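Got a structure for you, questions after.
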């Protein structure tokens, strides 16, 4: 299969999975033997939801909550300095960061906190820094971008396994495996890669598990909604899902609290794209 055909197939599929969930991150960390997650953590990520009250805030305004917005943009790569003490003043630096965010996400570039921009910022996403889209050295093809340096696997058969430590007791393991099997199958149908499940977690190319809060990779999960998952670029191959979420499989939203329930298969499909070296994509 030619590179052009592979790129075209990835582009077509990337557009489809855009509708699953937003963006995610890549980090390299070891497997840590912490206590397994056995239940949903009763913590809600209220900060991002509060962004809604910042709609139409103007440059020069001093509004409570602007500092949290600055932290959000800093976390995901739109504020370049190393500052950690952010004020509630809507200044020129924030306006520039918002413009860059809008540019990368295909929104009208206004530098304003319009409804479309704030709605996107308030949406659940994984912990990926969008610097892969911002920094030089990012390779863009159609509507997706590769991680810098275009990391890739040097083989066309990849094994994957599920952590026996980092799992959720309320999810049936067979159901989880079936959901991921379908997700891997979707990717295998458009790229020349075969995915094989194995029970040997330590030697698997791709390692999957559910993690809680600060789990040692510098990208702590933040409770219900907010950051849903993050994955690792080739050839690190680790995929972490936030144990605090209410995960469902096979559209089983009954009794799960549909306002916070998250479809496992949709997120898995998106995350696998990162495992394969795609940093971000958009349907815009």
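Along the chain as shown, the residues are counted starting at 1.
Backbone N, Cα and C define each Cβ position, glycine as well.
Fair warning: this is a prediction, and the values are worked out from it, not measured in the lab.
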For the Zn(2+) 1 site, TrEMBL lists 215, 217, 230; sort out which one of 240, 270 goes with them.
240
So what's the average pLDDT for the domain 'Peptidase metallopeptidase' (149-283)?
88
Is residue 240 (Zn(2+) 1 binding site) helix, strand or coil when read with DSSP?
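Once the DSSP labels are grouped into three classes, residue 240 (Zn(2+) 1 binding site) ends up as strand.
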Determine, from DSSP, whether residue 271 (active site) sits in helix, strand or coil.
helix
Would you mind splitting the domain 'Peptidase metallopeptidase' (149-283) into helix, strand and coil residue counts from DSSP?
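Looking at the domain 'Peptidase metallopeptidase' (149-283) with DSSP, the answer is 31 helix, 36 strand, 68 coil.
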Roughly how many angstrom lie between the C-alpha atoms of residue 242 (Ca(2+) 3 binding site) and residue 270 (Zn(2+) 2 binding site)?
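On Cα coordinates alone, these residues lie 14 Å apart.
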